[in-house]
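The block underneath contains the structure these notes are about, expressed in structure tokens.
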Amino acid sequence: MSTPVNYLIPRQKDELHKAILAYFSASGLSNTGAALREELGVGDEFLDQNTMKKYEGVLEKKWTGVLRLQKKIMELESRLSSLQSELDSATPTSLTRRNVDPSSWLPRAPARHVLTSHRSSINSVAFHPIFSVLASGSDDTTIKIWDWELGELERTVKGHTKAVLDLDFGGPKAGVLLVSCSSDLTIKLWDPNNEYKNIRTLTGHDHSVSAVRFIPSAAGEYLVSASRDKTLRVWEVATGYCVKTISGHSDWIRDVEPSHDGRWLLSAGGDQTTRLWDASTAEHKATFIGHEHVVNCCVFAPPSAYPHLATIAGLKKPPPATSSSEFIATGSRDKTIKLWDARGTLLKTLIGHDNWIRALAFHPAGKYLLSVSDDKTIRCWDLTQDGRCVKTVDEAHSHFATCLRWAPAPAKEQTNGEAKTNGTPKAGEKIINVRCVIATGSADMNVRVFAS
């Protein structure tokens, strides 16, 4: 008789035996449990009452986890087989037709996935920077974690006691974290590598925390929050300490956005202004005045958009791509989107939405600006055509469209700080890495994923 292969180290064996004994105990199989103890040669001290509680339900969780992974593997194998069949039957003409330039991709109906599980309005969505994971935060006080490629709910994260108003993935590269903020006045950090355990709760704001973002840096040391208490706060991720409080707005701050290099912060709010700040010194640099109602959202333009925005601004040549705060866009309850330069000069007002503007996102390739609104639509504005609206996704949701995020580019394709698109760039053309995926959330309680 052959000797059985030993796959488990002693510690793993002990944990398995304890989980099995806890399962027997919970199922009322005391004789079976006693027989196993005898076979293992262990006494009652091996699994006392306190340890028993720790291991109750572990076996069932592991089992359902295996089944879920098995189902996912089968679905991926089926999808792979389908794609292989499609590839085998493809002709050069069909391949050319399918190879759409990512820099020109825009969302279109229907959505690839409609993610349903929340029980109230959704306020925020955020993509994991590496994996096909999407988080959503809702008025129902929960955070939902989804696999956006498969369209499946992976888990529900609970901890906040009031509405979850904003989310963001980021922090140290070695250990990406999820941050959330809420009407319960707290900011919470969650560890995706440890079943989204709440590792830190940050307190200090005196009113609802409207928005939160990790400040980009090599070490991912800080995050910034905006609140109804009219302040911005900068927090140290490792300790949870508030290291800076920034004041200047005279009303509820609705949104905050750091520049891609972490040097600048942009904030917008109920005082109908948007403000630019130096992230390291908290010095106020510019105020953007022109909206006639609450400014709900603000965003920095990526350097890829500089050539198009420079034309709108009447500049002979675009600013250097090394500068991170040359142009911004803002969206307001006055139903307009405004484009500005960094000095606060209004360049263009984009009119077309029939209700409050709720979120903005620049196309990573820089040619378009996307917006969502309480009019239930997604609108795509072409910056090469003086900001003309070139596409509207009507009834993107059945109720107010409240949030919008563009999926980060696949990191594995990057080389020397740049990345490859599918297709060969033309002579003199900059290589832009684009993942053609966006997610939107709504008061209809659904998250929708639009993808190529």
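Just so it is clear, glycine is given a Cβ too, placed from its N, Cα and C backbone atoms.
If you look up TrEMBL, you'll see 10-45 marked as domain 'PAC1-like LisH-like dimerisation'. Summarising the annotation, TrEMBL assigns repeat 'WD' to 115-156, 157-191, 202-245, 246-287, 324-341, 350-383.
Each residue in the repeat 'WD' (157-191) gets a DSSP state, and the totals come to 0 helix, 20 strand, 15 coil. Remote same-chain residues near the domain 'PAC1-like LisH-like dimerisation' (10-45) are listed as 51-52, 55-60, 62 (criterion: CB distance under 8 Å, separation of at least six residues from the stretch ends). Packing against the repeat 'WD' (115-156) from elsewhere in the chain are residues 72, 75, 162-170, 176, 178, 180, 182, 190, 192, 195-196, 399-400, 402-408, 411, 437, 439-443, 445-449: each is 6 or more residues past its ends and has a CB under 8 Å from a CB in it. For the domain 'PAC1-like LisH-like dimerisation' (10-45), the model's average pLDDT works out to 82.
Taken through DSSP, the repeat 'WD' (246-287) splits into 0 helix, 24 strand, 18 coil.
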